[in-house]
Amino acid sequence: MGPPGAGKGTQAEILSRRLGVPHVSTGDLFRDHVGRRTPLGREAARFLDAGELVPDRVTTDMVRHRLEQPDAARGFLLDGFPRTVRQAHALSAILSARGEALDAVVEFTAPEEVLVRRLLARGRPDDTEDVIRHRQRVHHRETVPVLGHYSGLVRTVEAVGTVEEITARTLSALGLPEGVSTR
Ligand code: AP5
């Protein structure tokens, strides 16, 4: 978890390879649907373009379906989900039906101006300054309260510095040895 530009996708990609579990990014899943012009993609596009959250039911159904794929049977790394308290409750129901629980929640933090600079340099369609600032506000309003749902599991990592430095901090926060695959 973390605000837009905190490096969730970058770090999740690295960690998922090290852990040998799929990286499940709701942003990537939505962009894939948008690119393929599926009915879900057509519904989601206007929310992504505006920096608004896609409705909870649509998002939760998409995640539930993704987690039913065989590659997620032995674990997964969620990136960008849950992002609302309702999504957190839905995830609890999905996990309890599977007899599973989360191992940890990583929260990345960084000053807003660092995040805005990173995203403007990337230039995705939703990376205009207005939309970035709106995504930040949505994060504070909808997603920060989700952390309270996971109080005992949260590992906070300062997401300023090089990608490698942040990976090292994340592994350390999770109690994982650096450079060693766990599977
Ligand atoms: P999503 O794709 O999740 O976007 P986001 O949360 O706004 O996050 P970003 O991808 O912008 O940032 P990130 O933290 O992943 O950082 P990244 O590694 O990419 O969601 C997009 C949209 O989908 C939402 O607005 C919403 O509409 C919808 N959506 C998604 N999930 C949803 C949900 N659960 N419910 C409802 N709607 C949902 O890095 C950013 C940039 O910085 C990159 O260019 C990267 O190369 C660079 N960078 C990374 N680390 C560093 C570093 N250490 N130093 C310098 N540059 C760095």
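Glycine is no exception: its Cβ is also placed from the backbone N, Cα and C atoms.
Automated prediction, rather than curation, is the source of TrEMBL annotations.
Quick caveat, the model's predicted, so the values are computed rather than measured.
Here's what TrEMBL has on this protein:
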{"type": "BINDING", "residues": "GLY5, ALA6, GLY7, LYS8, GLY9, THR10, ARG122, GLY161", "note": "ATP binding site"}
{"type": "REGION", "residues": "25-54", "note": "region 'NMP'"}
{"type": "BINDING", "residues": "THR26, ARG31, GLU52, LEU53, VAL54, GLY80, PHE81, PRO82, ARG83, GLN87, ARG124, ARG135", "note": "AMP binding site"}
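Distribution of TrEMBL features across the structure.
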{"residue": "ALA6", "record": "ATP binding site", "Cβ within 10 Å": "22"}
{"residue": "LYS8", "record": "ATP binding site", "Cβ within 10 Å": "21"}
{"residue": "GLY9", "record": "ATP binding site", "Cβ within 10 Å": "15"}
{"residue": "THR26", "record": "AMP binding site", "Cβ within 10 Å": "22"}
{"residue": "GLU52", "record": "AMP binding site", "Cβ within 10 Å": "15"}
{"residue": "VAL54", "record": "AMP binding site", "Cβ within 10 Å": "21"}
{"residue": "ARG83", "record": "AMP binding site", "Cβ within 10 Å": "20"}
{"residue": "ARG122", "record": "ATP binding site", "Cβ within 10 Å": "10"}
{"residue": "ARG124", "record": "AMP binding site", "Cβ within 10 Å": "13"}
{"residue": "GLY161", "record": "ATP binding site", "Cβ within 10 Å": "13"}
Please report the Cα separation of ARG124 (AMP binding site) and GLY5 (ATP binding site) in Å, rounded to an integer. 11
DSSP three-state assignment for ARG122 (ATP binding site): helix
Sparsest Cβ environment (other Cβ within 10 Å) among binding-site residues GLY5, THR10, PHE81 belongs to THR10
Which chain-mates of GLY7 (ATP binding site) that are at least 6 residues away have a CB under 8 A from its CB, listed by sequence? PHE108, ALA110, ALA159, VAL163, ILE166
Do you know the mean pLDDT across the region 'NMP' (25-54)? 97
Work out, from DSSP, the number of helix, strand and coil residues along the region 'NMP' (25-54). 23 helix, 1 strand, 6 coil
Closest to PHE81 (AMP binding site): which of the binding-site residues GLY5, ARG122, GLY161, going by Cα position? GLY5
Where the distance is taken from Cα to Cα, which of the binding-site residues GLY5, LYS8, THR10, ARG122, GLY161 turns out closest to THR26 (AMP binding site)? LYS8
Which ones are near THR10 (ATP binding site): of the binding-site residues GLU52, VAL54, ARG83, which have a Cα within 10 Å? none
Hey, how far is ALA6 (ATP binding site) from GLU52 (AMP binding site), Cα to Cα, in Å? 18
If I take the Cα of LYS8 (ATP binding site) as reference, which of the binding-site residues GLU52, VAL54, ARG83 has the closest Cα? ARG83
Pairwise over GLY5, ALA6, GLY7, LYS8, GLY9, THR10, ARG122, GLY161, annotated as binding ATP, what's the top Cα to Cα distance to the nearest Å? 17
On a C-alpha basis, identify the one among GLU52, VAL54, ARG83 that is nearest to GLY161 (ATP binding site); the candidates are the binding-site residues. ARG83
What is the nearest of the binding-site residues GLU52, VAL54, ARG83 to GLY9 (ATP binding site), using the Cα of each? ARG83
